[in-house]
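Novice: Quick one: structure below, then a few questions.
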Amino acid sequence: MSARKYFGTDGIRGRVGQGVISADFVLRLGNALGRVLTQGRSKRPLVLIGKDTRISGYMFEAALEAGLVAAGADVQLIGPMPTPAIAFLTSTLRADAGVVISASHNPHYDNGIKFFSAEGEKLDDATEAAIEAALDEPFHTVESERLGKAIRTRDAIGRYIEFCKASVARGFTLHGLKMVLDCAHGATYHIAPMLFRELGAEVVVIGAAPDGLNINAGVGSTHIDNLAAKVRECGAHLGIAFDGDGDRVLMADDQGNPVDGDDLLYVLARSWQASGRLTGTVVGTLMTNYGLEQALAALHIPFQRAKVGDRYVHQALVEGGGTLGGETSGHLLCLDRASTGDGIVSALQVLEALGRDGQSLREALASLSKVPQKTVNVRLDGGTAKAIVEAVNVQQALQQAQAAVQGRGRAFLRPSGTEPVVRVTVEADDAGLMQDTLDRLSGAVRDAA
C-alpha cells in the first residue's frame with residue numbers, strides 16, 4: 001500500500017486553520033466521501049455526522065454536510081456524541097458511513113475527522129485510498145434533483161444509552177456504589193452521568209460543563225490526578241475518567257490511585273477467564289507494561305503485542321479470534337460488546353467484573369505487579385528517525401540494553417512517524433537497572449543523532 005497523503009492511523013487530525021484542518025478542505029473531504037459512496041449506487045447513500053464539544057465542530061459539521069449533500073448523499077446530524085456512539089449508530093441506523101469531528105484527547109485548538117464503515121468499524125485502507133484519490137479531483141455538485149438532504153436526529157442519546165446497558169447482564173445494578181465521573185468537558189458530558197445514575201450509582205460529576213474551549217483542559221483521562229483528588233475528597237468507591245471523544249477510559253481506586261489501561265486489561269482478562277467469557281489471545285501494544293505480560297502468563301492467558309494504535313490492536317484481535325485488547329492510554333476493545341473502543345462500555349465491563357468477583361478495584365489489582373517503565377524522546381539534529389534507529393552503533397546499544405534487562409523487562413526504540421524524534425523505552429523490575437539502561441541507550445541514540 002502506498003503512503004497515505006492525508007490519513008493518519010486514526011483519521012485526519014491537526015491544528016484548526018492550518019494545513020488540512022480547514023473549512024475548505026473539510027468541504028472537499030465531505031464531497032470526496034460522498035462521491036466514493038455514490039459510485040455504482042442507484043439510491044442516495046446515508047452518512048451520519050457526530051462531533052465532540054470543541055467550538056470548531058460547528059464549522060466543520062457545516063462543511064462536511066455541504067460537501068456530502070452536493071455529492072448526492074443524505075446526512076443525519078447527530079450533534080455532540082461519543083465517537084463509539086457514532087460507530088454504533090452508523091450500524092444500527094443502516095447508514096453507509098459515519099463521520100466524527102473530534103481530536104480526541106487533544107486541546108480545543110486541534111480538531112480532526114474520523115470515519116466509520118457501514119458496519120461501525122474504522123475504514124479499511126482501500127476505502128481511505130479511494131477518498132484520498134477523490135480529494136485530488138475537482139469538487140462536484142450533482143444535478144438539483146439528485147442533491148442529498150440533511151436532517152437532525154433526535155433519538156440518538158436514548159438509542160446509545162440502551163446499547164450501553166445491553167452490554168452488561170440484565171440484572172446488573174450499581175446501587176450502593178459511589179463514583180466520580182470526569183467527562184473531560186467532552187462528548188460524554190450528558191450521556192455518562194445519565195447512564196450511571198439510571199443504573200443506580202451515586203454519581204459525583206466533574207468536567208461536564210463544556211463551553212467549546214475547555215475540552216480536555218485540566219480534566220479527563222489525560223489529567224487523571226484531578227479525578228484521583230476528587231475521589232479522595234468525597235470518599236467515593238472509585239472514579240472514572242473519559243477523554244474528549246469518549247473512546248478512552250481510565251480510573252482511580254478508592255484511595256485515589258490512578259488505574260491505567262494495562263490495569264483495566266488485567267481486571268477484565270482475569271475475570272473473563274474465570275467466567276469462561278475470555279476467548280483467543282489478549283492483545284496489548286509495544287507500550288503495554290511487562291508486568292502485565294508476566295501476570296497474564298502466570299494465569300496461562302495468551303498475550304501478544306501489536307503496534308501502538310487501537311486500529312492495530314483491533315486488527316490483531318480480528319486476525320487471532322480474540323475479543324479483549326487495549327492500550328495503556330485507556331483505549332480498550334471488548335469486541336464481543338462493541339465494534340470499536342468505547343469508554344463507557346469498557347467502564348461497564350470493568351464494573352460488572354468487579355461486582356461478579358466481589359472485589360473493589362484496588363483488591364482486583366492487588367495481584368498485578370507492574371514494573372518501572374520510562375520513555376525518553378530524543379530529538380534529532382539531522383537524519384531521519386528510521387535511519388538513526390538502524391545505525392550500527394545504535395543497534396549494538398539496543399542489543400546490549402535488551403541483554404541487560406532480559407527476563408526482567410524490555411528495551412526498544414520507536415522512530416516517530418510525525419516528527420524528528422526517536423522514542424527510547426526501557427522497563428525493568430528494578431528501578432535502578434531501568435534508569436541505568438535507559439541512560440546508556442538514550443545516550444547512544446543522542447550520539448548518533
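The backbone N, Cα and C atoms fix where each Cβ goes, glycine too.
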Novice: Which of Ser104, Ser117, Ser369 does Swiss-Prot put in the same Mg(2+) site as Asp243, Asp245, Asp247?
Specialist: Ser104
Novice: For the recorded Mg(2+) site, whose residues are Ser104, Asp243, Asp245, Asp247, find every other residue on that chain with a C-beta no more than 8 angstroms from the centre of their C-beta atoms, and list them by sequence position.
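Specialist: Along the chain, the qualifying residues are Asp52, Pro82, Thr83, Ser102, His105, Gly186, Ala187, Phe242, Gly244, Gly246, Arg248, Gly343.
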Novice: Rounded to the nearest angstrom, how far is the Cα of Ser104 (active site, phosphoserine intermediate) from the Cα of Asp243 (Mg(2+) binding site)?
Specialist: 7
Novice: About how far apart, in whole Å, are the alpha carbons (Cα) of Ser104 (active site, phosphoserine intermediate) and Asp245 (Mg(2+) binding site)?
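Specialist: Spelling it out, the Cα of Ser104 (active site, phosphoserine intermediate) and the Cα of Asp245 (Mg(2+) binding site) are 5 Å apart.
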Novice: Would you count the other C-beta atoms found within 10 angstroms of the C-beta of Asp247 (Mg(2+) binding site) for me?
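Specialist: I count 33 other Cβ atoms within 10 Å of it.
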Novice: What same-chain residues, at least 6 away in sequence, bring their CB to under 8 Å of the CB of Asp245 (Mg(2+) binding site)?
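Specialist: Residues satisfying the criterion: Asp52, Pro82, Thr83, Val100, Ser102, Ala103, Ser104, His105, Gly186, Ala187.
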Novice: Across all chains shown, how many C-beta atoms besides its own are within 10 angstroms of the C-beta of Ser104 (active site, phosphoserine intermediate)?
Specialist: 29
Novice: Let me know how many other Cβ atoms fall within 10 Å of the Cβ of Asp243 (Mg(2+) binding site).
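Specialist: Neighbour count, Cβ to Cβ under the 10 Å cut-off: 32.
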